[in-house]
Amino acid sequence: MSANFTALAYLVSAILFVLALRGLSSPDSSRRGNIMGMAGMAIAIIVTILRPDVLSYEWIIGGIVVGGAIGAVIAQRIAMTAMPQLVAAFHSLVGLAAVLVAAAAFYNPDAYGILGANGELTVLSRVEMSIGIVVGAITFSGSIIAFTKLQGLVSGNPVIFPGQHFVNLLIGLAIVALIIWFCLDLDPTIFWAMTILAFVIGFLIIIPIGGADMPVVVSMLNSYSGWAAAGIGFTLENTALIIVGALVGSSGAILSYIMCKAMNRSFFSVILGGFGGDTAAAGPDKGDRPYKAGSADDAAFIMKNAGKVIIVPGYGLAVAQAQHALREMVDALKEEGVEVVYAIHPVAGRMPGHMNVLLAEAQVPYDEVFELEEINSDFSGADVALVVGANDVTNPAARDDPSSPIYGMPILDVDKARTVLFVKRSMSSGYAGIDNDLFYKDNTMMLLADAKKMVEDIIKAL
Amino acid sequence: MDMVDPTVFRLAIFVLAIFVGYYVVWSVTPALHTPLMAVTNAISSVIIVGALIAAGPAEVNLAKIFGFIAIVLASVNIFGGFLVTQRMLSMYKKKQK
């Protein structure tokens, strides 16, 4: 196998990966796209194994079989509601793999043919290697923290301590200094010190970020895993890795941008953290404002007699695992001749597209599910807006009250529907700790219960 | 004029690939953003090619051990990522009429 053949095969892989992403422009073409992605991966692995410098296969095959079996079992068993933490866990593996590959290249650069004329790693290689390993290490430890927060192993609340940004800055500068030192001196101690500091900084930059900002964090770590792969690609002079790294890096960056825009926050303010705990901060006493509470029977009666119902799902739907019950309820309503559609805010849930996957799992046809821009003008013509486990993304203060912390965030205009039914566990405010005026409006009825239980009760009442 | 360093070519590939990624990802429908993350995660595990080269030599050394662990981790991701994406995508159905 000549080097040229291998490089051309990598090009074919890269094209297949681009087509895999292109396929995701519609659900119909996406399945074929995914198959192309698998084919691209198979080609990249096979031509690499066929390289003349790959001589022993036992470890390789053993590793692929063990890892592949674990991956396949996880993919089959994982609940769709757990998708955000699964993706975070997978990102951490890419990050750690990048660190390990960089370490392998450091200890055996000859195998990759990347030694300079003097028999040492060139300065350029050292810089590329350092960038790959630092970004990889940050991806690893950052994703581990994101995983533990999403899985509920630690509290989703931001962890803040005095001088946090100063400490981060110092560590960042120390890493830069170590990279420069590494360019002058190929000492393994410097290599590992740099790696360990990068692990620490990855940990520190994610702990202050609260649960509800996780869509941005998960997207950002997605992007980092791509840049780490690209960095390693430059070190190993491997075009497949460089191209894939660029694709994944820009993909994650675009998703982060979309998520930030949907929250009207700058990327920088999310990264600085401190916003968005799972539980609301203890604000001024809001308990004395009157609101209208309703029962499942009331809700069933109102919806049965409605012409058009728009359902707005949020993170509460995922927590309560209410997606299947919700669809049964919608089926029952449709039998009564009610038109029902779903409206999804870009940051509903804990990762981009989270709600769409849950509804798809409950066999909701995707052409009944609409994005914010597509459906927002329809609320004024709807008889009922049923909000299930969402809060801030419906808060009219974001539209009307310039003093509100979430002012400017695009929201779903549920308040324009004739009646608003709000399924919620309690009267507490959302993650932003802001009271929602919608709760106290005359046309709003609060259905205070666990989302799944409430929806099941409504089905019974229908 | 002297020869262009191959790294410059690689940089050109990198920059052009960012543009390709940028335009392709903007065309992804928001409903499929979760599968997008799962599949980008799977393809970024193409880092396994670096691990394969490290694990390839006949003699056992530190690099080979690192390479082996990286193969296991990347394989979890490749199989897990593509299969879970397939599982998600198979759930997206149109209205039956």
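The chain as shown is numbered from 1 upward.
Glycine residues also receive a Cβ, built from the backbone N, Cα and C atoms like all the rest.
Some features that TrEMBL has for this protein:
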- A:8-460: domain 'NADP transhydrogenase beta-like' (DOMAIN)
- A:6-24: transmembrane segment (TRANSMEM)
- A:33-50: transmembrane segment (TRANSMEM)
- A:56-74: transmembrane segment (TRANSMEM)
- A:86-107: transmembrane segment (TRANSMEM)
- A:127-147: transmembrane segment (TRANSMEM)
- A:159-184: transmembrane segment (TRANSMEM)
- A:190-209: transmembrane segment (TRANSMEM)
- A:240-260: transmembrane segment (TRANSMEM)
Model confidence over the domain 'NADP transhydrogenase beta-like' (A:8-460), averaged pLDDT | 88
Beyond the flanks of the transmembrane segment (A:6-24) by 6 or more, those residues with Cβ under 8 Å of it = 30-34, 36-37, 39-41, 43-44, 47-48, 50-51, 238-240, 243-244, 247, 251
Within-chain partners of the transmembrane segment (A:159-184) [C-beta distance under 8 Å, separation at least 6 from its ends] = 123, 126-127, 130-131, 134, 190-191, 193-194, 197-198, 200-201, 204-205, 207-208, 272-274
Would you mind listing the long-range same-chain contacts of the transmembrane segment (A:56-74), meaning Cβ under 8 Å and 6+ residues beyond its ends?
-> 45, 49, 86
